[in-house]
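Inspection log for the structure reproduced underneath, given as structure tokens.
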Amino acid sequence: MHKSNSTINIYSQGRKTMAKGGFVLAILALVAVQSLAGDPSPVQDFCVADLKSEIFVNGLPCKNPELATPDDFFFAGLDKPSNTDNKVGFNVTLVNAARLPGLNTLGVSIARLDYAPYGLNPPHTHPRGTEVLTVIEGTLLAGFISSNPDNKLFLKTLHPGDVFIFPVGLIHFQFNAGDSPAVAIAGFSSQNPGLIVIADALFDSSPPIPDDVLEKALQVDKKIIEALKAQHKV
């Protein structure tokens, strides 16, 4: 018994529709996976960064694994405080793939944060990494702001042993609320999380953002813009 032409056409069209639907689902799944990814995942045991290479890639090129040594996976110095004698009373010792070559392609990095009494880590973002902050000494007031339209502030007072999360890309800060130095350790979900200090980006860009743009964006007088730019000049 043979199928009619109309039945065959309907069956054929149905298979084509299913094929197209499967293709679309596959593309959507691929996009979803890519959107969840952070740094590229390694496809070998390690990829020690070749810091002398002139090749430009997404991340850092690898040196021959046969030439890797234990020192490629070692960094000393997070026990030492950094100099906080500056305008904001804050400094950071960042250990990323550029300083610890063995981190290359592993998608993580770490930092020591030092705060003078009442020192501030100014509002900033890490465009490529989520941050996990652990307080070691002192008391910190830490917070982050959600994106538009809510712009909700999540604020918490942290003590030694407390942990706080700053989601990737969101503006956040820490303030030493005590009259003695404070120390924290931060872990990042990127070998190079990046840093954008909001005030520096606005008032000390190169070339500078036109005053007319900042006046309208911030709704303040030009004299205030000029004063803020003068404060941020190195």
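In case you wondered, yes, glycine gets a Cβ from its N, Cα and C as well.
If you check TrEMBL, you get these features:
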type	residues	note
SIGNAL	1-37	signal peptide
DISULFID	CYS47-CYS62	disulfide bond
DOMAIN	76-226	domain 'Cupin type-1'
BINDING	ASN121, HIS126, GLU131	oxalate binding site
BINDING	HIS124, HIS126, GLU131, HIS172	Mn(2+) binding site
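When Cβ atoms from all protein chains are considered, those within 10 Å of CYS62 (disulfide bond) total 20, not counting its own. A Cβ within 8 Å of the Cβ centre of ASN121, HIS126, GLU131, the residues given for oxalate, is found for these other residues of the same chain: HIS124, THR125, LEU133, PHE166, HIS172, ALA186, PHE188, PRO193, LEU195.
Recorded residues HIS124 (Mn(2+) binding site) and GLU131 (oxalate binding site) have their alpha carbons 12 Å apart, per Cα-Cα distance. Within 8 Å of the Cβ centroid of the Mn(2+) site, not counting the listed residues HIS124, HIS126, GLU131, HIS172, the chain contributes THR125, PHE144, PHE166, LEU170, ILE171, PRO193, LEU195. A sphere of 10 angstroms centred on the C-beta of HIS172 (Mn(2+) binding site) encloses 21 other C-beta atoms. Other Cβ atoms within 10 Å of the Cβ of ASN121 (oxalate binding site), summed over all protein chains shown, number 24.
When the binding-site residues HIS124, HIS126 are compared by the number of other CB atoms within 10 angstroms of each CB, HIS124 has the fewest.
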